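Colleague: Here's a structure for you.
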Amino acid sequence: WTYEIETWWIFQISLPTYKTDPSVRFSSCTPKVCIVGSGPAGFYTAQHLLKTHQNVHVDIYERLPVPFGLVRFGVAPDHPEVKNVINTFTQTAKHSRCRFYGNVNVGKDVSVGELKQAYHAVVLSYGAEGNRSMGVPGEGLAGVYSAKDFVGWYNGHPSCRELNPDLNCETAVILGQGNVALDVARVLLSPIDILKKTDITQPALEALVRSQIRRVLIVGRRGPVQVACTIKELREMVNLPGTKSEMVEADFDGVTEALKDLPRPRKRLTELLLKTALDTPGDKEQQRRHQASRTWGFRFFRSPSEVLADADGNKTVGIRLAVTRLEGSGEGARAVLTGEVEDVTCGLVISSIGYKSHPIDPSVPFDTRRAVIPNTMGRSMFPSGLYCSGWLKTGPTGVIATTMNNSFDTARSLVEDMESEALDLSSVKTGSEVISALLEERGVKSVSFSDWEKIDSVEMSRGEASGKPREKILTVEEMIQVART
């Protein structure tokens, strides 16, 4: 991931206009489609289906009682404008031919096979909920966290509520140099006055008030020309109040000469890196840096080889980094080990090296090496009637526009299969009617979109009382309790 949810205007300029061709003959049977997962991929798939097919009915199933996936749980708290896509998703959820069923764990409460019996098509869009392992000694020590869990902690994901990271150390090391890594660095170093006006959770805010972290190193195995973040995120770090950058000049050897061959977006990003690392600051910037109490910096050509433990072997006290060099150039350059190592003293290590999808049901084909469902344009290789979109389709990569377009592609594939009769619409399917009966038999109480709006209203009221846009409910139990009132 690096995964960055972007702002609503992207959707406005990127969404093509489609008209249903009246000459296309669909089966008289009403097509029933269910989508598993209510993050961006799920909602964009639903939106496109509803827009391009005038008869299709879409049901969205979500494991949590609340919708929107990484828009709610992945976007940094200080990026509220990015969450405006929720307005579009809400319109989709309220469409007359769309229903939302939260608090339904597909693969546990109901099987994919049962969904396939109830619907003409099943689209899996549940994303990448797992973590990629560093694969080094010591990664299980106290003080080592995945970025996914750390972000989930400060964004209020119920599964991360009890993370309780120890921030009583001076230096934090983040492994990975994508946008998520920079989000984490920014949250760790941001002035509390900024954070307390966001929807960051209260426990996270209180922990950050007590935090002793004054230095964050953002480590990558390749060089400045391969850094994975965007210029927007880098500029936010450069301008973060109360902080100054701290780079290693030698890491930038040869970078100036390489600029002329870089494509324009990469060139602009690299120029900002060079300026931040090497330029002599003017008087105003010099004064700002002099007053800074916290530092951050990229460390290039470094790869984790071991997390170092204290004398008792329980707690992180540092990390051993293997020094690398590049073979090749540009985006395709490969990091190879030099045999040198260096140790960095730190009490917090956050691994931001990517997310990973997991199989949801034994009946679903799954490529364990790539951690995706094998597919062609969103069509599962087998069985028929099964589709996928989002990271489950492509792997955890790209920005919101990428997810939007690949979700539209999946929806187009599904509509094409309806038109060509590759998808069998000859039999009547009962859809949510039979699934709701199954769930009731099994004691599963689903949460409707209007139930979610009750949760939403309570969260916003609690936030308003403390000067925040929202105070998120942190447990599934309380979410359901609020939804039932």
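A Cβ is built for glycine as well, from the same backbone N, Cα and C atoms used for every other residue.
Unlike curated entries, TrEMBL annotations are predicted automatically.
From TrEMBL, for reference:
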BINDING   ALA41, GLU62, LEU70, VAL106, TRP391, GLY398, VAL399, ILE400  FAD binding site
BINDING   GLN177, GLY178, ASN179, VAL180, ARG221, ARG222, GLU233, GLY398  NADP(+) binding site
DOMAIN    32-189  domain 'FAD/NAD(P)-binding'
Colleague: Sorry to bug you, but what's the C-alpha spacing from ASN179 (NADP(+) binding site) to VAL399 (FAD binding site), rounded to the closest Å?
Modeller: 10
Colleague: If I take the alpha carbons of GLU233 (NADP(+) binding site) and VAL106 (FAD binding site), what is the distance between them in whole Å?
Modeller: 35
Colleague: Among GLN177, GLY178, ASN179, VAL180, ARG221, ARG222, GLU233, GLY398, listed as contacts of NADP(+), what is the widest Cα spread in Å, to the nearest whole number?
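Modeller: Comparing all Cα pairs, the maximum is 20 Å.
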Colleague: Using the alpha carbons only, what distance in Å do you get between GLY178 (NADP(+) binding site) and GLY398 (FAD binding site) once rounded?
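Modeller: GLY398 (FAD binding site) has its Cα 11 Å from the Cα of GLY178 (NADP(+) binding site).
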Colleague: 10 Å Cβ neighbour count around VAL399 (FAD binding site)?
Modeller: 16
Colleague: Expressed to the nearest Å, what is the distance separating ILE400 (FAD binding site) and ARG222 (NADP(+) binding site) at their Cα atoms?
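Modeller: Given the Cα positions, ILE400 (FAD binding site) is 25 Å from ARG222 (NADP(+) binding site).
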Colleague: Looking at Cβ-Cβ distances, which residues of the chain lie under 8 angstroms from GLU62 (FAD binding site) while being 6 or more apart from it?
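Modeller: When sequence neighbours closer than 6 are ignored, GLU62 (FAD binding site) has GLY37, SER38, GLY42, PHE100, TYR101, GLY102, ASN103, VAL104 within Cβ distance under 8 Å.
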Colleague: Quick one: of the binding-site residues ASN179, VAL180, ARG222, which has its CA closest to the CA of LEU70 (FAD binding site)?
Modeller: VAL180
Colleague: Express in Å, rounded to the nearest integer, the largest CA to CA distance found among the FAD-binding residues ALA41, GLU62, LEU70, VAL106, TRP391, GLY398, VAL399, ILE400 named in the record.
Modeller: 26
Colleague: How long is the line from the C-alpha of VAL106 (FAD binding site) to the C-alpha of VAL180 (NADP(+) binding site), rounded to the nearest angstrom?
Modeller: 28
Colleague: Tell me, if you would, which residue among ALA41, LEU70, VAL180, ILE400 (binding-site residues) has the fewest other CB atoms within 10 Å in the structure shown?
Modeller: ILE400
Colleague: Hey, how far is ARG221 (NADP(+) binding site) from GLY398 (FAD binding site), Cα to Cα, in Å?
Modeller: 20
Colleague: Minimum Cβ neighbour count within 10 Å among the binding-site residues GLN177, ASN179: which residue?
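Modeller: If we count Cβ atoms within 10 Å for the binding-site residues GLN177, ASN179, the smallest count is at ASN179.
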Colleague: Which of these binding-site residues is closest to TRP391 (FAD binding site) if you go by CA atoms: GLN177, ASN179, ARG222?
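Modeller: Of the binding-site residues GLN177, ASN179, ARG222, ASN179 has its Cα closest to that of TRP391 (FAD binding site).
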Colleague: Using all protein chains in view, find how many other C-beta atoms are within 10 Å of the C-beta of VAL106 (FAD binding site).
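Modeller: Taking every protein chain into account, the count is 23.
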